[in-house]
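This report refers to the structure that appears directly beneath it.
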Amino acid sequence: MSSPTESTQTLPGERIPENAAAVMHNKNERGEYEEPGSNVLWVDWEGPDDPQNPKNWAFRKKWLATTIVSLFTFISPVSSSMVAPATEQVAKEFGVTSSVLTAMMTSVFILGYAFGPLFLGPMSELWGRTRVLQTSNLFYLAWNIGCGFAQNKGQLIAFRFLAGLGGSAPLAIGGGVLGDIWSVEERGKASAIYSLAPLLGPVIGPVCGGWIAERSTWRWVFWSTSIIDVLIQCAGLVYLKESFAPYLLEQKAKRIRATMDLENSHVKEINPMPSWKDIFGRALTRPFALFAHEPIMQLLGLYMALIYGIFYLFLTTIPAIFTGIYHMPIGTGGLNYIALGIGLTGASQINARYMDKIYVYLRRTRGNGMNEPEFRLPSMVPGTIVMPIGLLITGWAAQNHIHWVVTDLGILLVGAGMILTFQSIQVYVLDTFTLHAASALAAVSCLRSLAGFGFPLFAPIMYEKLGYGKGDTILACAAIVLGCPAPFLFWIYGKKIRSMSKYARKPVSAQTPPVVASEKPFNRTEETRTQRPTTAETEKTLSGH
């Protein structure tokens, strides 16, 4: 049993009982374990098949939760780029002449993505996934509606940033939900669908936004997405259930405590729970600690930043290519985003079909039955090759006014390369930092979102000075230098780098059944210890605790 001092230095989900093995063999039918020789009651799931454990949810319920979380992750990025084809309308109405300021009207939404997950992700590890996710979505909805009523450029930029803060929650929390409900062998397919949403959303948005800008007013760009978001919010309220195991076990512990005769047992409280100020402060600093002290997070974050930056650079420059070089109307030019969508969707579906199969095969043949996040890396290899090829085709085809089909082919390849790399990194992070997935994804998304905000700002000047051919060649070279060695370096050195982490889980045998131990110590006769319950699964064993 941890000492009182140790208790105040840990966060929910970070500590397991020292006698966790004994817990497995001494639990009663309610999942409770009373430690021999003490008055401490450990609260756990009611056996390995407890239906209340999110890992044991019915398959249909898991996919319903995955779908709803993916819809939340989809609708917010739609708003991030849907205004791109209409920026000329907005600039004309508000008298904006600066190309940087015009680009900022689109990309400032992504600046909210950089900061929102840093506190929304940890909040979901304190108060549960669904509560934070749906509250944040309401915040996004309010400001997204406000964007449609903006009366000047300052209001629009401010409202877009605030909408981005609220809309960023699914990017951090959604991955945590998948880690909560899916086992490691099933996680790849679910993650492939989830990780497609934040990239496919910004593709569909401009297709619709182009026609809205051509046939109506730019304000309907925001009002239309708000209508769809209301429908998704309603579906989430009805069907999305809480999945974070420590939070669920805490609620169970509270119910058990409520049934105990505390008044007649002369209960006194020792080892009091740390103040919310202390817990919340440590939770908020965890994403920064992960990024500052975990080399694996820094490397993944840097490469993901490049991918996301290129992605949003493309989103803001595609209208200029097809309306300026190929002289298409705004609505017709927006249809070329479909090429990006085909690349994203096609590669994602192929990856979803084979990612888990490759993982299981490598675990059996190379891992001796041990789960290793590096088994997610093979799908990154084609992605790092295809993306720079697509950049070169797109840039030089547009530069030389080659038929628009060739340019679209390049855009398609860029999309395919992005999603393969994006999904591989996303699931790698999820497998490495399963229990703190929300905080880990927040740390990665911060740097990538800053790149998504910054790249579009310098894109107009870069292409004006260098042209599309040389500009995309520079991006392709950066993608080759950073991207092509990445999967091989992570394959060789990833395990060694992870071994230095105090947050990453240790590899465990796939045959070991998951053990969830939740601590809510109660004294039935003399004392009670109030300690926020913890979750520990053999799959999620943490080092350093």
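Each residue, glycine too, has its Cβ placed from N, Cα and C.
According to TrEMBL, the compositional bias 'Basic and acidic residues' annotation covers 521-530. The domain 'Major facilitator superfamily (MFS) profile' annotation in TrEMBL covers 65-496. The feature region 'Disordered' is assigned by TrEMBL to 511-545. Sequence annotations record features per position, and here TrEMBL assigns transmembrane segment to 63-84, 96-120, 157-179, 191-212, 300-322, 334-354, 375-397, 409-430, 437-461, 473-493.
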Averaged pLDDT score, the domain 'Major facilitator superfamily (MFS) profile' (65-496) = 83
What same-chain residues lie close to the transmembrane segment (96-120): Cβ under 8 Å, and 6 or more beyond its ends?
-> 79-81, 83-84, 87-88, 90, 132, 136, 153, 156-157, 160-169, 171-173, 284, 287-288, 312, 315-316, 438, 441-443, 445-447, 449-450, 452-457, 459-461
Name the range, of those listed as 63-84, 157-179, 334-354, 375-397, 409-430, that has the largest tally of Cβ pairs under 8 Å with the transmembrane segment (191-212).
-> 63-84
